[in-house]
Amino acid sequence: MKLRRGVLRAALALVLLPLLTPAGAVEPISLGLAIAGAAASALTGFISYPRLYCYFRECCLHRHDRRAAAALQENLDKKLFGQHLVSKVVVKAVRGFLNNTNTKKPLALSLHGWTGTGKNFVSKIVAESIYKRGLQSKYVHQFVATLHFPHAHSINLYKDQLQSWIRGNVSICPRSIFIFDEMDKMHAGLIDSIKPFLDYYELLDGVSYRQAIFIFLSNAGAEKITEVALDFWRNGRTREDIQLTDIQNALSVSVFNNKNSGFWHSTLIDRNLIDYFIPFLPLEYKHVKMCVRVEIESRGYTVDEDIVSRIADEMTYFPREERIYSDKGCKTVDAKLDYYYD
């Protein structure tokens, strides 16, 4: 800020100089060249200063770590519903990682739960908290299993391409973010090709990966999460009573042994390279209504509680007898609102 003020003062002085200088004291051409040269020098200094340059152009490590953590906390508090474990663990993990100046390995988060519970939403918020452009940032890289790795017979090619992509982008920006979606549809073993990048190495071929962030999204383990949540409900305890220790170990074992998961018998789990297995609890009726309200407000409309209730009532819930949890979470809220608002 001091530099910016100094540049502005210098520019102002250059503008006022002709008015304050006695007539004839300086030749017009010489004065013009002096002003132009000084202005160019000031502008060069202004643009070359890293923080000011990054104000106009996206830079690696753009946001200050404390600001990133604060933005993450604020957005999760305002926009994520029914996921007290997620908010607590993600904020703590990301904030601690960003503030650690001597990390021993990249941060690896594995998000698990049913469709519509907020996994993609949270990965988006994490990206936006670190880079203003979020998922559109050139330092954020998103992979979808069915889109980027669709053919089992090309698994070796995918491994080579994935390793090259990660190596190249971390070389450019140490704080690169890699998001892997649909891990439950990933070919078993493919994700193990990136094990070296997640391990406790100081350098690999001259490149450090210790500042990078890896986020994995999967439906695998959702049954185990629901099982724990139902046990709490049937025993008269609230979902907020559930602690990470009640789920995490069982979740990691469930994912490790799930043949329909990219983590099936994965060395990433076996070697404890995943820092947190984060459970997304199934959403209840009240959470669906919260999603509807936020979506209505985001479209610029006044919230109509009648419409909120109608949309929440249109959802299907499970188990069949108790009808506690929305089987699609909040995933179809946006589409259902189209029916009520043109």
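Placed from the backbone N, Cα and C atoms, the Cβ positions cover glycine too.
Values in this document were obtained by computation on a predicted structure and should not be read as measured data.
Listed in sequence order, N219, A222, I225, T226, F280, P282, Y325, D327, G329 are the same-chain residues at least 6 apart in sequence whose CB falls under 8 Å from the CB of W114 (ATP binding site). Among the features that TrEMBL reports, ATP binding site is placed at G113, W114, T115, G116, T117, G118, K119, N120.
Sequence annotations record features per position, and here TrEMBL assigns domain 'Torsin-1A C-terminal' to 283-340.
Annotated signal peptide per TrEMBL: 1-25, in sequence order.
The transmembrane segment annotation in TrEMBL covers 35-56.
Close to the recorded ATP site, the chain also has F121, N219, F280, G329, K331: residues not among G113, W114, T115, G116, T117, G118, K119, N120 whose Cβ is within 8 Å of the site's Cβ mean position.
Looking at G113, G116, G118, the binding-site residues in this record, the fewest other C-beta atoms within 10 angstroms of the C-beta turn up around G116. The Cβ of T115 (ATP binding site) has N219, K328, G329, K331 as same-chain neighbours under 8 Å, each 6 or more residues away in sequence. Model confidence over the domain 'Torsin-1A C-terminal' (283-340) is summarised by a mean pLDDT of 94. Around K119 (ATP binding site), the C-beta neighbours below 8 angstroms that are at least 6 residues distant in the chain are L111, H112, G113, L217, S218, F280.
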